[in-house]
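As given in Swiss-Prot:
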TOPO_DOM  1-32  topological domain 'Extracellular'
CARBOHYD  9  N-linked glycosylation site
CARBOHYD  13  N-linked glycosylation site
TRANSMEM  33-59  transmembrane segment
TOPO_DOM  60-70  topological domain 'Cytoplasmic'
TRANSMEM  71-93  transmembrane segment
TOPO_DOM  94-110  topological domain 'Extracellular'
DISULFID  106-183  disulfide bond
TRANSMEM  111-129  transmembrane segment
TOPO_DOM  130-152  topological domain 'Cytoplasmic'
TRANSMEM  153-172  transmembrane segment
TOPO_DOM  173-194  topological domain 'Extracellular'
TRANSMEM  195-220  transmembrane segment
TOPO_DOM  221-245  topological domain 'Cytoplasmic'
TRANSMEM  246-268  transmembrane segment
TOPO_DOM  269-286  topological domain 'Extracellular'
TRANSMEM  287-308  transmembrane segment
TOPO_DOM  309-374  topological domain 'Cytoplasmic'
REGION    318-374  region 'Disordered'
COMPBIAS  331-340  compositional bias 'Basic residues'
COMPBIAS  341-361  compositional bias 'Basic and acidic residues'
């Protein structure tokens, strides 16, 4: 994402000073030009490699898909698209907030960030709901868990997110500041109030609601799974796997999405209040630090691919055809085995021919005719 105070006037050395509301705060953001290029570079390499491998497994190794694998496939597609766009941001921040590319590319990079962010949230929500239904309504989930239903849900998710994030292409723009071109992640100054209202709606619709659903799923599953079936002790393996999956989803939310949305909301709110420069500097720094965490979900999502299903966990073993080990000559002699030679083959053929001749001579003609009629 671009600099947090993008609508403020920038100085040449990367600090920021007041806006139209009369603030005269200057923030030293030198740390950003090291933190963001390094973190985005790591996310780009790891995220792209892990998700490309995951896509290969989904497309080339899995023979049958269920609802979970369908959602994970679309999650990997979204993460791969985002990771592929990060080299442009790495260059942008390494150059000190200078965007030498076109405005269209600036809009596309910001659009991919928010699209990946909310696609990840919604697909993780779908995985959690699917697991929860498998625990609470195992019989009904047999029909709801088909891949064809998951494909329809995934299509709805893509359409919903693309439609909701389309305004980003309108708000995001570039501006010339001295000798540099800034690629804003919010909007121009005159549209900022509209952008804040739009972001608030997206916060509630695409983050608060899914996060609440995941929390409800986790609570319901925990209550059910803490009660073992009558006459049994412990939890079945399938139920333990469901709990691990949703617990991992909650960890991803807690680490990546929650800090980002909290600090961004505070940042947008504080910009319209007459607060001290110290307070604004603190929230500005927190907002910058949480942006790499929001991007890190592209690397953490593939962990789900290897923990959620048995086929994905065993993909490395299934990738090569199973072969039986060839016994050594000593082992063959111990077991009474030996490699057949030409003499053994001739003897075996003669024995089979002799047995066939004896069976033919002992079979009555009537029996042969009867067998043919049957």
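From the backbone N, Cα and C atoms, a Cβ is placed for every residue, glycine too.
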Practice task
Would you mind listing the long-range same-chain contacts of the transmembrane segment (153-172), meaning Cβ under 8 Å and 6+ residues beyond its ends?
Solution key: 70-71, 74, 106-107, 110-111, 114-115, 118-119, 122-123, 126, 183-188, 191, 194-195, 198, 202, 205-206
Practice task
Go ahead and report the DSSP secondary structure tallies for the topological domain 'Extracellular' (269-286): helix first, then strand, then coil.
Solution key: 12 helix, 0 strand, 6 coil
Fill in the blank from the handout: With the cut-off at Cβ under 8 Å and a gap of six or more residues from its ends, the chain residues touching the transmembrane segment (287-308) are 1, 4, 29, 31-32, 35-36, 39-40, 43, 46-47, 50-51, 53-54, 57, 68, 72, 75-76, 79, 82-83, 86, 113, 116-117, 120, 124, 127, 241, 244-245, 248-249, 252, 255-257, 259-260, 262-264, 266-267, 315
Problem - Segment proximity, the transmembrane segment (71-93) to the transmembrane segment (195-220), 3 or more C-beta pairs under 8 Å - result: no
Handout entry: Remote residues contacting the topological domain 'Cytoplasmic' (130-152) - C-beta distance under 8 A, at least 6 residues beyond either end
Key = 64-71, 217, 220-221, 224-225, 238-239, 242, 245-246
Exercise for the section: In three-state terms from DSSP, label residue 183 (disulfide bond) for me. Expected result: strand
Fill in the blank from the handout: Model confidence over the topological domain 'Extracellular' (1-32), as mean pLDDT, sits at 50
